[in-house]
Amino acid sequence: MSDLRQIAFYGKGGIGKSTTSQNTLAALVDLGQKILIVGCDPKADSTRLILNAKAQDTVLHLAAQEGSVEDLELEDVLKAGYKGIKCVESGGPEPGVGCAGRGVITSINFLEENGAYDDVDYVSYDVLGDVVCGGFAMPIRENKAQEIYIVMSGEMMALYAANNIAKGILKYAHSGGVRLGGLICNERQTDRELDLSEALAARLNSKLIHFVPRDNIVQHAELRKMTVIQYAPDSKQAGEYRALAEKIHANSGQGTIPTPITMEELEDMLLDFGIMKSDEQMLAELQAKESAVVAAQ
């Protein structure tokens, strides 16, 4: 158990976090690692590409059916997928009712008590990261996840979420062993995306672990409920995920305590990269358009 690496993938909704994590973990198992995935996203889509199936039944859903979590057996919630990867989805309540983080807390406690963490090299938490509320921060707060990898892109809200997640890590870094492992950029083909990702990583006292290029083969594999590693193992994109997996595998003990920036500093960075226009630029453009309209009359 001393060699167990507990990693977590955080990122804003829709960033491709679950797809990136599952492809990376499929590549890690190909390196001979034994893996347990704990899905901590209410969408419960953290394991479907590994299981080649629709979203699996969640711990909270099964507990509600049986009466309580104490009535469940480990085999009820744990399914084996690609090359023996163990998969669990914590789940969440009905929309608008209760705290979605409660499922995370309930699941992790149940799994630990029932020996799910025995005989694995990696436990990977796939966590929603738009908001780092108490429940979703649980893998960080309770000193479970030791290495956090933030999946982001060059889009403003993805950068904003990455900075917020870094704030959550910083809050618990001194009381526990949690560290920021690095950023993973899931390309959205925005302007100067690689440069911007590297710059944000540097500002956060971290590094860009890997830049994952955009490729439609990812969607083709997803439609078949498969990772690219399984669907097209010889493809260039599969090679990208293998490179990412190797970098994470080599990154043990190299995490850092992040240095999040303010919203103003983030906006200044976007201005420096020409991604966002200043008020003066926008006003000048508006005046130029108005002048052109007047001149045309």
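Placement of Cβ uses the backbone N, Cα and C atoms for every residue, glycine included.
DSSP gives G14 (ATP binding site) a coil state; it is part of no helix or strand. The ATP binding site feature in Swiss-Prot is assigned to G11, K12, G13, G14, I15, G16, K17, S18.
Taken from Swiss-Prot, the feature [4Fe-4S] cluster binding site applies to C99, C133, supported by similarity to another entry.
As annotated by Swiss-Prot, ADP-ribosylarginine applies to R102.
Sequence-distant contacts of S18 (ATP binding site), defined as residues of its own chain at least six apart whose C-beta falls under 8 angstroms from its C-beta, comprise F9, G39, D41, K43, D45, S46, L49, D126. Residue with the densest Cβ environment among the binding-site residues G11, G14, G16: G11, by other Cβ atoms within 10 Å. The 10 Å shell around the Cβ of K17 (ATP binding site) contains 26 further Cβ atoms across the protein chains shown.
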